[in-house]
Amino acid sequence: MSAANTERLKDEGSKLQVVVAGATAGMIARFVIAPLDVVKIRLQLQTHSLSDPLSQRAELLRGGPVYKGTLSTMRHIARQEGITGLWKGNVPAELLYITYSAVQFATYRSAAQLLHRVAGEDRQLPAAAESFVAGAAAGVTSTTVTYPLDLLRTRFAAQGSGDDRVYQSLRRAVADIWRDEGYRGFFRGIGPAVGQTFPFMGIFFAAYESLRAPLADLKLPFWGGQLALASMTASTLAKTAVFPLDLVRRRIQVQGPTRSKYVHKNIPEYKGTFSTISTIARTEGFRGLYRGLTVSLIKSAPASAVTMWTYERVLRALITFQSGRQD
């Protein structure tokens, strides 16, 4: 078992190295999973009943699409909006992923080290508990800092093409939201976002740190496969646990004066987290709270694997480079 695999994340690299590695990991991960992200958002914004054909027919009559699954949704978007439609919102999304990952890893490292110092050598928290708290703090901090970019990413992914576009550019979108909705418009849905991020990141980092060392000696056919497997497993567990709140966040993000102008024309008006959950459960059934879960897991697992694999490799390269310069 290598030292790199037995060390915990909080003990590796300087703050600058962590920020650079995190930003690089976020940038690469976003580009890889962009089409799946657009598909997930489109599926999450559908509001027709999954079991009622009449509801689906009504959606078609209103001019909105009815998406059935990951691959068919991807084909539909590519056919109707061009292949670039699968990368809608990529500019704010890239900025989001780069900033989010940099803040996330830096905060995780700082929070874990702070917990270690506060507890003292004699009263250390269990490693899993320390990882949960530090991961949750990292998730809440990075979500809050980057939330306006997340909202912009969702709105761009939800809009149509050509004359059906709600926003013509990122600059125009920022100006329109500021004019029509004020600064609060950039933070629509932040309640469920933070509500799902706290347990998600806590579960993810606790599971990842717990699996990282045991899987280190596992023989896999590709370099770094143990890290990828640990992150994919952790991501699947965490995402499934908090998915309804992720869906609620998306629904609330497209509220406001542009609500009826996106690809899905019939998005209801939602007021708050709990009333949104209640409305979705009543009108779409319990399954409605898990729309897009499959593609979310398909997206989340490789995204987490790419992020953690890239982060650890870039960080290791930066540490090696720094050591070489000092020698």
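Any Cβ shown, glycine's included, is placed from N, Cα and C.
Database features (Swiss-Prot):
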type	residues	note
REPEAT	13-114	repeat 'Solcar 1'
TRANSMEM	16-36	transmembrane segment
TRANSMEM	95-111	transmembrane segment
REPEAT	126-214	repeat 'Solcar 2'
TRANSMEM	132-152	transmembrane segment
TRANSMEM	189-209	transmembrane segment
REPEAT	222-317	repeat 'Solcar 3'
TRANSMEM	223-245	transmembrane segment
TRANSMEM	292-309	transmembrane segment
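Highest Cβ contact count with the transmembrane segment (16-36) among the listed stretches 132-152, 223-245, 292-309 falls to 292-309 (criterion: pairs under 8 Å). Among residues of the same chain six or more beyond the transmembrane segment (132-152), those with a C-beta under 8 A of the stretch's C-beta atoms are 10, 89, 92-93, 95-96, 99-101, 103-105, 107-108, 111-112, 115, 125, 170, 173-174, 185-190, 193-194, 197-206, 253. Within the same chain, residues 25-26, 28-29, 32-33, 36-37, 39-41, 43-44, 69-70, 73, 101, 204, 208, 224, 227-232, 234-236, 239-240, 243, 246-247 sit at least 6 positions outside the transmembrane segment (292-309) and bring their C-beta atoms closer than 8 Å to a C-beta of that stretch.
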